[in-house]
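Novice: Pulled the feature table from TrEMBL, pasting it below:
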BINDING   I19, Q20, G21, R34, T99  substrate binding site
BINDING   C38, C42, C45  [4Fe-4S] cluster binding site
BINDING   W44, C45, D46, G101, S143, P144, K145  S-adenosyl-L-methionine binding site
BINDING   T47  Mg(2+) binding site
DOMAIN    25-230  domain 'Radical SAM core'
Amino acid sequence: MLENPINTLYPLNEVFQTIQGEGTYTGVPAIFIRLQGCPVGCPWCDTQHTWEQRAEDQVPLTAIVEKPAASSTWAQATATEIVALLQDKKYTAKHVVLTGGEPAMYDLLELCEVLESAGYRLQIETSGTFPLRVSPQTWVTLSPKVDMPGGLLVRADCMNRADEIKYPVAMEKHIDELDNLLKVCPPRAGVTIALQPISQRPRATELAIQTCIERNWRLSVQLHKYLHIE
Ligand SMILES: C[S@@+](CC[C@H](N)C(=O)[O-])C[C@H]1O[C@@H](n2cnc3c(N)ncnc32)[C@H](O)[C@@H]1O
Ligand SMILES: Nc1nc2[nH]cc(C(=O)O)c2c(=O)[nH]1
Ligand code: SF4
Ligand SMILES: [Mg+2]
């Protein structure tokens, strides 16, 4: 039995099984649960179809399960329905990534509890602009955003909870932004810092490689895009 069965409804954009292509867990088979909605507005965001939660895009859950390609459609689903869906699909991965959109817009405690009870290990991909409502065991991949059009700031409590910081870069000014952020809002000691080139741009990749070598930081290259998988 759940401690607080409240049947939270989550706006589900898609669910798929693939290889984690980013950050510390790169290469690990994983199930992605992508939620709809994000107010941050990164101009280079590769999932812009998840930004708005429009009433006219709401579809039955079965349509999300069968979604043929990325789109802005979404369905309401409870945590129990989501776990049933993973089991119906006979997914083999035991690592589940909560992403979006911005998954931290939602209270994810019930989803974490139900998934962990079913034997899954959790990771969240977040911009750190909302209070994190995840289980204590959830691996937090924080990709802070600075000066984005949505005007939201990365929260100090999220910086403090992060298990890794993964910063998207294309220009020198992005490295300066990260340096400044790490100074004013330091993460816990020993947390991995990774640079992620924006959209596989060659100059972004070169800058990320150079800086990672100089600083002893990690490189995160969005492996799935090189492999042409989801
Ligand atoms: C689509 S976001 C969703 C989760 C959350 N909103 C966030 O930003 O962390 C997942 C990851 O993709 C990164 N990302 C988005 N668009 C990208 C791009 N064009 N190139 C590189 N990384 C990108 C984000 O910084 C984040 O680390
Ligand atoms: N393979 C794969 N790895 C990923 N890591 C983070 C992703 C995301 O969109 O949050 C992502 C994604 O969309 N696909
Ligand atoms: S915070 Fe994440 S989902 Fe939102 S716009 Fe930025 S990269 Fe895209
Ligand atoms: Mg992605």
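Each Cβ is built from the backbone N, Cα and C atoms, and glycine gets one as well.
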Novice: What is the interatomic distance between the Cα atoms of G21 (substrate binding site) and S143 (S-adenosyl-L-methionine binding site), given in whole Å?
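Specialist: The Cα atom of G21 (substrate binding site) is 14 Å away from the Cα atom of S143 (S-adenosyl-L-methionine binding site).
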Novice: Give me the CA-CA distance between C42 ([4Fe-4S] cluster binding site) and P144 (S-adenosyl-L-methionine binding site), in Å, as a whole number.
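Specialist: For C42 ([4Fe-4S] cluster binding site) versus P144 (S-adenosyl-L-methionine binding site), the Cα atoms are 11 Å apart.
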Novice: Under 8 Å between C-beta atoms and at least six apart in sequence, can you list the same-chain neighbours of T47 (Mg(2+) binding site), or say none if there are none?
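Specialist: Listed in sequence order: R34, C38, A70, G100, G101.
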Novice: Express the distance between the Cα positions of Q20 (substrate binding site) and S143 (S-adenosyl-L-methionine binding site) as a whole number of Å.
Specialist: 15
Novice: Quick one: of the binding-site residues Q20, C45, T99, S143, P144, flag those whose CB is under 6 Å from ligand 3, and say none if nothing qualifies.
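Specialist: Once distances to ligand 3 are taken from each Cβ, C45 fall under 6 Å.
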Novice: Measure from each Cβ of the binding-site residues R34, W44, D46, T47 to the atoms of ligand 1 and list the residues where some distance is under 6 Å.
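Specialist: Going through R34, W44, D46, T47 in sequence order, those close to ligand 1 turn out to be W44, D46, T47.
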Novice: Just to confirm my parser: what is the rounded mean pLDDT across the domain 'Radical SAM core' (25-230)?
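Specialist: Here the mean pLDDT over the domain 'Radical SAM core' (25-230) amounts to 98.
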Novice: Under a threshold of 6 Å between Cβ and any atom of ligand 2, which of the binding-site residues G21, C38, D46, S143, P144 are retained?
Specialist: G21
Novice: With every protein chain in view, how many other Cβ atoms are within 10 Å of the Cβ of S143 (S-adenosyl-L-methionine binding site)?
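Specialist: I get 21 for this one.
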Novice: DSSP on G21 (substrate binding site), three-state: which is it?
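Specialist: In three-state terms, G21 (substrate binding site) counts as coil.
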Novice: Under a three-state reduction of DSSP output, how is R34 (substrate binding site) classified: helix, strand, or coil?
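Specialist: Assignment for R34 (substrate binding site) reads strand.
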Novice: So for P144 (S-adenosyl-L-methionine binding site), how many other CB atoms are inside 10 Å of its CB?
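Specialist: By my count, 24.
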